[in-house]
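What Swiss-Prot says about this protein:
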TRANSMEM  3-23  transmembrane segment
TRANSMEM  39-59  transmembrane segment
TRANSMEM  65-85  transmembrane segment
TRANSMEM  113-133  transmembrane segment
TRANSMEM  138-158  transmembrane segment
TRANSMEM  173-193  transmembrane segment
Amino acid sequence: MSLATLTVLGFSLSADAFAAALGKGAGARRPDLLEAFRVGAYFGAFEAAAPLIGWALGLTFAARIAAFDHWVAFTLLAGVGGHMVIAALRAPKAETAEASKARQKRALSPLRLALAALATSIDATAVGIGLAVTEVNILMACALIGAITTVVAAGGVLLGRGAGPLLGRKAEVLGGLALIGIGLKILIEHLSA
């Protein structure tokens, strides 16, 4: 598989991570460049590991994985997104600065980032299964996919950061709805295939 093909694959797989990171950036309290790359690294690491796992599983387990991967992705994304929406809607209208800071810090908690990254990378496992039957340097492919996703997701956080102050709490609601929408998209694509 050519470097150009792998690059296109990397950008394609990073689209869901970008959307999720956009919501994370909008719901967070002014994330800086370092924090944006920390978030990007979560998404990049999961996106790099998923094809490797899929490749290792190979074609033997393809039918078993395909039978439920979309449900796992949907459940994780809908759960994280739903929690973001509920938390934003339940937050008091006149929130103290401390309460606002704590809520926004939770948006970038390691657990929430890991769940969102896991959910957006499940499709990459199926891609890895497909890569098992092609001539590809799987380590190079995974490294490239991870690097692209890291940069794209970090960009999503920074773009979301700009939208966050303009939208206020609505940004967190929109971010949560975006995650739910990604989950629904994955579910519908797999159920209609």
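Quick reminder: no glycine exception, Cβ is built from N, Cα and C everywhere.
Among the listed stretches 3-23, 65-85, 113-133, the one sharing the most Cβ pairs under 8 Å with the transmembrane segment (173-193) is 65-85. Only residues 6 or more beyond the boundaries of the transmembrane segment (65-85), in the same chain, are considered here, and those with a CB under 8 A from a CB of the stretch are 20, 23, 27, 54, 57, 107, 112, 115-116, 118-120, 122-123, 125-126, 129, 172-173, 175-184, 186-187, 189-191. Within the same chain, residues 39-40, 43-44, 47, 51, 77, 81, 84, 116-117, 119-121, 123-124, 127, 136, 140-141, 144-145, 147-149, 152-157, 159-160, 163, 171-172, 174-176, 178-179, 182, 186 sit at least 6 positions outside the transmembrane segment (3-23) and bring their C-beta atoms closer than 8 Å to a C-beta of that stretch. Packing against the transmembrane segment (113-133) from elsewhere in the chain are residues 1, 9, 13, 16-17, 20, 24, 39, 42-43, 45-47, 49-59, 61-62, 65-66, 69-70, 72-73, 76-77, 79-80, 141, 145, 179, 182-183, 186: each is 6 or more residues past its ends and has a CB under 8 Å from a CB in it.
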